[in-house]
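K.L.:
Sharing the record's features from Swiss-Prot:
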{"type": "MOD_RES", "residues": "Lys33", "note": "N6-(pyridoxal phosphate)lysine"}
{"type": "ACT_SITE", "residues": "Lys33", "note": "active site, proton acceptor"}
{"type": "BINDING", "residues": "Arg129, Met301", "note": "substrate binding site"}
{"type": "ACT_SITE", "residues": "Tyr253", "note": "active site, proton acceptor"}
Amino acid sequence: MRPARALIDLQALRHNYQLARETSGVRALAVIKADAYGHGAVRCAQALEGEADGFAVACIEEALELRAAGIRAPVLLLEGFFEASELALIVEHDFWCVVHSLWQLEAIEQAAVAKPLTVWLKLDSGMHRVGLHPKDYQVAYQRLQASGKVEKIVLMSHFARADELDCPRSSEQVAVFEAARQGLGAEISLRNSPAVMGWPSVPSDWVRPGIMLYGSTPFEENNSVAARLQPVMTLESKVICVRELPAGEPVGYGARFITDRPMRIGVVAMGYADGYPRHAPTGTPVLVAGQRSRLLGRVSMDMLCVDLTDVPQAGLGSTVELWGKNILASDVAQAADTIPYQLFCNLRRVPLVYCEG
C-alpha cells in the first residue's frame, strides 16, 4: 500500500475546542464546514459531540451528512439556504439557519413551516461579502419577529481582518455592529478563530472557532493562545528511493534544484495530486526520520524530493512528516505563499487515519 496518510488526532481536536471555549468564556460552535477543513466532518463531529455546544457548516448538504451519521447537536448553516424549498428540510432536521439577504427573509415570511426556526441574522459590518446592510438590519429583525415563523434570533457578523492585530478594521466593524443592533436584546456572535485568539474585548455570546480547532494559528506569529494549540493533522509518508548524486546534478522537473555538493536525495511518496502544494519551493521544511530537513526541487504529481545529506539515519522506508506536530502547517504555508486553511482543504487521495493522541 502507498505509505502516504494523514493522521487525525481527535484528542487534540477536543483540546483545541475546549481551549476556544475556555479562552472566550462563552458557548462555541465548532466550525466543521468543508469536511472539517479536510479532517473529516463526521468523525470530527462524533469526537466533539457531547462537548460541543453545536456545529457550523456551509450548506444543507454538509448538515444532512451529519444528521445521517447520527449527530443530533445543533447545526448552523453559515450560508443559510440557497432555495426556499430547503426550508422544509431545515425545519425537519432542526437546523439553525443564517439569514444574510432580504430574499431569504421574504422566503421565511412566505413559507408554511411546521415549527418555528432559529435564525442567525447576519449583518454586513464591513467585509462586504454577505450580510444585510446596516440600514435594513433593525427592520429585518422586526419582520422576523412578526412573521410567526421564528422562535429565536441570534445577531451575527464576520470579521474581514481579525488576523491583523494592528489593523483598526475589526474595531470599526464592531462599532458598525453595535450601532446596527442598538435596542435589540438578542444574543450575539462576532468572534471567529482570530477574534477568539486575539480580540478578547469583542463581545459575544457565541464564538465560531474554525482553523484553531485544527491546531493552526491564523496569525503570522504565535501568541499565548496559539502556543497552546495542538496540531490535529499530521501528513506523512515514507522515503521510497534514495539517490547519491555528485555536485552539479539536477533534481526533478525543470532542474529547479542543482546539487551544490555530493548529496543524498530521498524520493517521497507525496505530491500535488495528494494536496501538497506544487509551488512549495526548495527549502520548505520537512521532518525526515525525526530530524528537520528540507524539500528539494519541484513537487511532482505523486512524488517529491527531500535532502538526506545531513540526516545519516534516514534511508529507504524512513518516515517523512510534511506537516503536523513537528512541522507546523503554518510554516509550510508561509514557505509556499498560501495559508493553512488551503493546505488542509486541498488534501485528497490520502487516507485519513484517526487516533487518540
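Just so it is clear, glycine is given a Cβ too, placed from its N, Cα and C backbone atoms.
Tell me about the surroundings of these features in the structure.
P.N.:
Reduced to three states, the DSSP call for Lys33 (N6-(pyridoxal phosphate)lysine) is helix. Residue environment of Lys33 (N6-(pyridoxal phosphate)lysine) contains 20 other Cβ atoms, counted within 10 Å of its Cβ in all protein chains.
DSSP assigns Met301 (substrate binding site) to coil, not to a helix or a strand. Around Met301 (substrate binding site), a 10 Å sphere centred on its CB holds 11 further CB atoms from the protein chains shown.
Counting only same-chain residues at least 6 apart in sequence, those with a Cβ under 8 Å from the Cβ of Tyr253 (active site, proton acceptor) are Gly297, Arg298, Ser300. Tyr253 (active site, proton acceptor) falls within a helical segment according to DSSP.
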K.L.:
To the nearest whole angstrom, what is the C-alpha distance linking Arg129 (substrate binding site) and Lys33 (N6-(pyridoxal phosphate)lysine)?
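P.N.:
That comes out at 18 Å between the alpha carbons.
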K.L.:
Using C-alpha atoms only, work out the spacing between Lys33 (N6-(pyridoxal phosphate)lysine) and Met301 (substrate binding site) and round it to an integer in Å.
P.N.:
27
